[in-house]
Structure formats: C-alpha cells, structure tokens
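Asker: Okay, handing you the structure first.
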Amino acid sequence: MSTGPTAATGSNRRLQQTQNQVDEVVDIMRVNVDKVLERDQKLSELDDRADALQAGASQFETSAAKLKRKYWWKNCKMWAIGITVLVIFIIIIIVWVVSS
C-alpha cells in the first residue's frame, strides 16, 4: 500500500472530479427547479385566462339567448301585423264587392 504523495494526489484528483460532478448536478437541478417554477407560473396564468374565457362564454351564451328571444317576439309581432293588414285588406275588398 503506497501512502506517498502520488496516492494522495490521485485521491485528491478523484475527490475534485466527484466535487465537480456534484457541482454540475447541483447547477442542473437549480435550472430544473427554475424551469418548474416558471412553468407553474405560466400554468397559473393560463388557468386564470381559461376562467375568464369561461365566464365570458357563459355571459355570451346568456346574451345570445336573450337576443334570440327578443327577435323571436319581434318576428311574431311582424307576422301579427302582416296578418292583420291582410285581413283588413280582404274585408275592404269584400265590402267593396258586396256594395257594388
């Protein structure tokens, strides 16, 4: 067993290599943690935007239903007015034919 300077230098070299590998792994893990935190923030923002979009879609759906109902009633009123005008016109023609 040699315990001279060469053995100590080899041991120190291996220790330094191991320390360098540990430092590299630590740096990689820090980068990964930063990426995970950034991803979490982006997901949170995306979730907030999705909630806002859902609320907007729900409001649009309600407004569209009200508008559909409003124009359905307008259409019914126009039909009623058209039928009334037609009936009055027919009555006028009948009265004119009978009185002639």
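Cβ coordinates are placed from backbone N, Cα and C, and glycine is handled just like the others.
Below are the features I grabbed from Swiss-Prot:
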TOPO_DOM  2-77  topological domain 'Cytoplasmic'
MOD_RES   Ser2  N-acetylserine
DOMAIN    14-74  domain 'v-SNARE coiled-coil homology'
CROSSLNK  Lys66  ubiquitin cross-link
CROSSLNK  Lys68  ubiquitin cross-link
CROSSLNK  Lys77  ubiquitin cross-link
TRANSMEM  78-98  transmembrane segment
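What does the local environment look like for each feature on the list?
Answerer: For Lys66 (ubiquitin cross-link), no same-chain residue that is 6 or more apart in sequence has a Cβ closer than 8 Å to its Cβ.
Annotation note: Lys68 (ubiquitin cross-link) sits in a helical segment as assigned by DSSP. The Cβ of Lys68 (ubiquitin cross-link) has 10 neighbouring Cβ atoms from other residues within 10 Å, across all protein chains displayed.
For the recorded site, Lys77 (ubiquitin cross-link), the DSSP three-state label reads helix. Lys77 (ubiquitin cross-link) has a Cβ environment of 10 other Cβ atoms inside 10 Å.
Same-chain residues lying 6 or more positions outside the transmembrane segment (78-98) and placing a CB less than 8 Å from one of its CB atoms do not occur.
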Asker: If one measures from the C-alpha of Lys68 (ubiquitin cross-link) to the C-alpha of Lys77 (ubiquitin cross-link), what distance in angstrom results, rounded to a whole number?
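Answerer: That separation, Cα to Cα, works out to 14 Å.
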Asker: What is the pLDDT of the domain 'v-SNARE coiled-coil homology' (14-74) when averaged and given as a whole number?
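Answerer: That region's mean pLDDT is 97.
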